[in-house]
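Working notes, structure below.
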């Protein structure tokens, strides 16, 4: 096409994305062509010289459709200033004119028949690959696991329940407040991933404290294959774009930088986001008479971004005022009065007790009956009567109804270790060691005893190895001896500083020959991946991984259960973060904590504080942050000295205060909230479904077909792992292999969790989805001719196999794929026009087929062209009733689902103000638009296979 012939208003179709419907040329600007696809609302820009577009030009005899729905048969085509005008007759035989600008956006084309008659006949395996790709894509879009089963994480019930519950809402606004170690970041990642896959969100902004940026980057990339753009002062300043944020689907920004840079704030406000995620939201300070700059900034963003996820510490840790401040960000109209919020919270206590009695399966107390009646009225009385009659389904429904009406149950999710099973025990091993004379001679400074080696690292940076600190520090000798005793186990060593980690690696290598690898913030993500993989390798890997404080963020090593704390961090939250590298749900062994410390030093006193006052080694310490604030000013001076009597008194006071706070937390536990957050059994069903999907061989079988078709060479790497490399016959350089040199993959979840250097292939992985997109967006496989060897068929008999796709073209956010996913409808015509597809499967046919040389195949097609064209129409006549039946069923199911959810939320709003009006309005709009687009669902000829008996 001559570039000058592109004109605004012309209609073109994408060769690679036919599902977008008819495109309209918007503009030709320099070397770029802009095309709008009104059916889906998408806009694409193409390089002018090689735009993958085909001009839509109907011929006399073709039937065309106006965007209002009426049809006409073309009699004449006129061209005026580059635009086509069609003249013809309506169904009522009335003359009419239809400019191409007014064509329906939903028209589809028989590209398969065009290619067949043009002699473009594909290799035999491609037809099957296209069919299986269509079938699998259809199943995936309907799957309840879509967006939940592909994460590199152990499937955990409460996480999956929260992710599905939140991600399936339009513009969710919720608070994730699980206790430490329960995986809030994974929950957020699952929600982001599912929202992106479903189309409910297109652009996501993640705000985090600066020290957590790397953790988020690693978690999103490693666990969810989400490519997040990390923005900081330098990247923002270096960008040539008028708004650097606008070209980014997923942006990660540090709150500390953002609050200081007004230009960045303005750009962020103008960029247009669908979902805002804020980590460590409890650090946003709010009081009734004053708010912090960080809180005000997040508040502004929350006002203009439809969806908001706040990740925060548990409400009990924060206190009710601070907790109210987070809820106020989510819905300022609902949470506007702190005192009213306090009163409302008290009302739910008797309901929680009633739910607990229901779950205990005992007889209900009078108080429980009263609470249920007060909360649910006559509906509750009916369910209660059924429960007493032994109806277990009624019991489950009654629990669900009570949970649904819980005041903050729709906006707040909080799981506790007490409510979630599966955590390991911890054992503590303390090793007091003598203070070396070299450290005793150090000048007084800011707690030099905590990290005394730092002074020697600075002093002897380029000095004699014999004088290095690790030659005389008794902790190093102890470490070598301990590692030798534990030589059959993997051991994780964590210390505060990167320099210390590097020194320890030197010490182990030079003094003992123990194989160790390091992990610190100065390494690239790729270098850390390699170090983690070397540590994880059971056969040839390192026994020891030495991590710095920051370097270990975001990494979990559950395959190890021995943790050496070479020194102690100055904050209890950091201590919990260290232990959390091993102490996760799914850890199969008791965590062995090894803590060396120097006697009569700050190290020893900090150990005593954490152990005796906070009990932070043997249990998680939800009160640690509060106790640090309360006791910090008195604790720090006593670490370096002070009388033993004063120290013992502080330990006793700290222990008493911790026990009092823990008692308050326990009595204040919101059991109703815990039950709602845990999912009351729904999460367990999702876990079972994911495990069943993991055990299915469908994905490896499909991927082998895909690799063969595209010329990707696969070879064994080790058990459950393959190496993929592009071969000399690689068909498409655009295949999403991820690395031109090759990649190592595994389909095994356990292997993927232990080996982060391997790609974990699931149906959601970009390589799998990208490969499927390549198949369906291209034309390969939509024409094929084969010889069928079957004694029951007379030689020369022709069978015609056609694949039609029944689909609704719609914006992804409407989720119509759940009710009417694109589905291949197969027709197998014999010479008499009978459809044999119901009796003869595609796989049965495949076993009887042989390839035909392309030249011979083309000669046959051209000779039979007129006969084949008529049979296409016969086949379409057979398929249309099936398509119409699918559409009718989809409309019925879609309307029923929407009506049920509208009724539920409307009833809920009467008793639970946390249901927003915007949610109801959005659902009503979604219902109307969805039904209208289902009415326009189309049928297109996707692929043709001609079978000649021989």
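Positions of Cβ are set from backbone N, Cα and C atoms, glycine also.
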Checklist entry - Of the ranges 271-274, 275-278, 279-282, 283-286, which one does Swiss-Prot list as motif 'DEAH box'? => result 279-282
Item to check | Lowest local Cβ density among 178, 179, which the record lists as binding-site residues, within 10 Å | outcome: 179
Checklist entry - In the same chain, who gets a Cβ under 8 Å from the motif 'DEAH box' (279-282) while lying at least 6 residues past its ends? => result 175, 184-185, 188, 206-209, 212, 216, 298, 310-313, 317-318, 322, 326, 329
Item to check | Intrachain C-beta neighbours of residue 184 (ATP binding site), sequence separation six or more, cut-off 8 angstroms | outcome: 176, 177, 178, 279, 311
Next on the checklist: Centre the Cβ atoms of 178, 179, 180, 181, 182, 183, 184, 185, go out 8 Å, and tell me which other residues of that chain have a Cβ in range of the ATP site.
Outcome noted: 187, 415
Checklist entry - Which of 180, 182 (the binding-site residues) has the most other Cβ atoms within 10 Å? => result 182
Next on the checklist: DSSP-wise, what's the residue breakdown of the motif 'DEAH box' (279-282) into helix, strand and coil?
Outcome noted: 2 helix, 0 strand, 2 coil
Checklist entry - If you skip the near sequence neighbours and keep only those at least six away, which residues in the chain come within under 8 angstroms of residue 183 (ATP binding site), Cβ to Cβ? => result 153, 156, 159, 584, 585
Checklist entry - If you draw a 10 Å sphere around the Cβ of residue 181 (ATP binding site), how many other Cβ atoms fall inside it, taking every protein chain shown into account? => result 17
Checklist entry - How many neighbouring Cβ atoms, not counting its own, are there within 10 Å of the Cβ of residue 185 (ATP binding site)? => result 20
